Amino acid sequence: MLCLQNAYLSFLLVFFNLYVLFLFMLFFCSLCVQPIPLLRTQRCRSLTLSQEQVSCLLANAFFCTFPRRNAQRTEFSNYPDINFSRLFEGSSQSKQEKLKTLLWYFRRITQQRPAGLITYTRQCLQRLPSWSSSEKQFSKLRISCEGTIEEQGYGMLQVDFANRFVGGGVTGSGLVQEEIRFLINPELIAARLFTEALEDNECLIITGTEQFSRYSGYSDTYRWDGNHDDQMPRDEWQRRCTEIVAIDALHYRNFLEQFHPEYMSRELNKAFCGFVRPGVQTENLSTVATGNWGCGAFGGDTRLKAVLQMMAAAEAERDLMYFTFGDADLLRDIHHIHTLFTDTHATVGKRHTHTHTHTHSLSLTSELRVFVQCVHQSLFLLYAFDHHLFNSSALTEKINEVFLK
């Protein structure tokens with residue numbers, strides 16, 4: 001009983017301090033003295049806010065004060081929702097754990113106000129690579145079956161497996177990779193206030209957010225697991241040296257769609273947009289920490305996505321750190337694929353040509369052409385590294401032998 005009373009009193013204290021923070025912004029407006037610019041579609045733009053400003057914005061989100069953000073037919077219909085109203089609906093365990101994580105953030109920042117800066121950058125690429133003519137060699141690859149992007153990806157460019165509405169279901173029922181990252185680094189949630197939905201040639205780069213919580217589990221098993229003391233150093237702008245990039249994968253209605261050249265090109269360009277930094281010298285580019293981007297609920301094939309990210313990283317001249325999240329078979333397969341590419345000195349252009357040749361050369365109906373492309377990809381992954389089937393004629397023979405008798 002005493003434990004419950006202490007928890008209740010602790011909650012009241014956090015709530016009171018949060019309300020004071022909300023009133024401070026509402027009536028004194030000393031932290032946000034002008035309207036916050038919007039990061040609109042097809043416009044490259046950066047916005048830098050202090051952590052204290054972000055905390056005030058999130059306090060307002062908690063109290064659901066942002067107008068015209070809950071309706072579908074407003075000028076903000078192409079923006080994510082920001083108010084926390086949906087978090088207060090129902091009593092599911094997952095929403096309770098979400099609120100625990102967010103309330104811990106509010107407790108931390110009301111006890112000691114943070115003093116750093118955070119930069120939100122919308123990157124839009126108007127010129128994309130000519131993939132088939134690329135002479136770039138595949139870059140270095142490290143693979144780990146254990147660990148997470150946020151922990152073992154220390155000092156790297158960390159990929160957020162994003163929804164085109166950044167943050168996905170963080171203010172609702174979603175609780176997978178992106179939502180978890182937005183919960184333990186709540187300053188990411190502020191991006192939902194001003195970031196319009198991402199287009200195919202766009203990404204969102206966030207530099208300087210702080211991790212406040214630890215967690216365990218995933219999706220339905222997610223649990224807040226206590227305080228996290230972020231030891232990441234700050235740069236000359238007083239931003240934490242944590243760089244996160246939000247890139248949204250396509251959501252496939254059926255498994256075969258993703259092997260169509262149009263969709264593969266889209267994912268390749270999206271990953272490249274997230275990895276490339278125009279004007280930055282190669283030696284100043286960190287390794288990309290990523291994993292099964294766009295797989296799981298979005299229906300992506302893990303091995304295909306790994307190959308596409310290898311190609312994008314090579315074109316962007318960055319090394320890759322790939323987390324398979326406990327999948328030892330996937331680790332082995334990705335290692336074999338990368339070894340095959342490097343041992344044969346394959347270029348990005350050659351690999352791109354191989355993935356597209358068969359769908360354009362075979363005289364088949366469009367539906368069967370997509371199916372054969374899927375078979376081609378699967379056979380490449382299953383047979384290439386054991387039987388050295390790197391040339392297209394050998395692959396075609398194997399397709400005919402197994403599937404087109």
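Backbone N, Cα and C define each Cβ position, glycine as well.
Features as listed in TrEMBL:
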TRANSMEM  7-28  transmembrane segment
DOMAIN    28-122  domain 'PARG helical'
DOMAIN    129-330  domain 'PARG catalytic Macro'
ACT_SITE  Asp160  active site
BINDING   Asn163, Gln177, Tyr218  substrate binding site
ACT_SITE  Glu178  active site
ACT_SITE  Glu179  active site
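Structure with TrEMBL features highlighted.
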| residue | record | Cβ contacts under 8 Å, 6 or more apart |
| --- | --- | --- |
| Asp160 | active site | Val166, Gln177, Glu178, Arg181, Leu188, Ile244, Val245, Ala246, Ile247 |
| Asn163 | substrate binding site | Gly169, Glu178, Asp248 |
| Glu179 | active site | Gly167, Gly168, Gly169, Val170 |
| Tyr218 | substrate binding site | Leu175, Val176, Ile180 |
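Applying DSSP to the domain 'PARG helical' (28-122) sorts its residues as follows: 37 helix, 13 strand, 45 coil. When other Cβ atoms within 10 Å of the Cβ of Gln177 (substrate binding site) are tallied across all protein chains shown, the result is 25. Take the CB of Glu178 (active site) and look out to 10 A: across all protein chains shown you find 22 other CB atoms.
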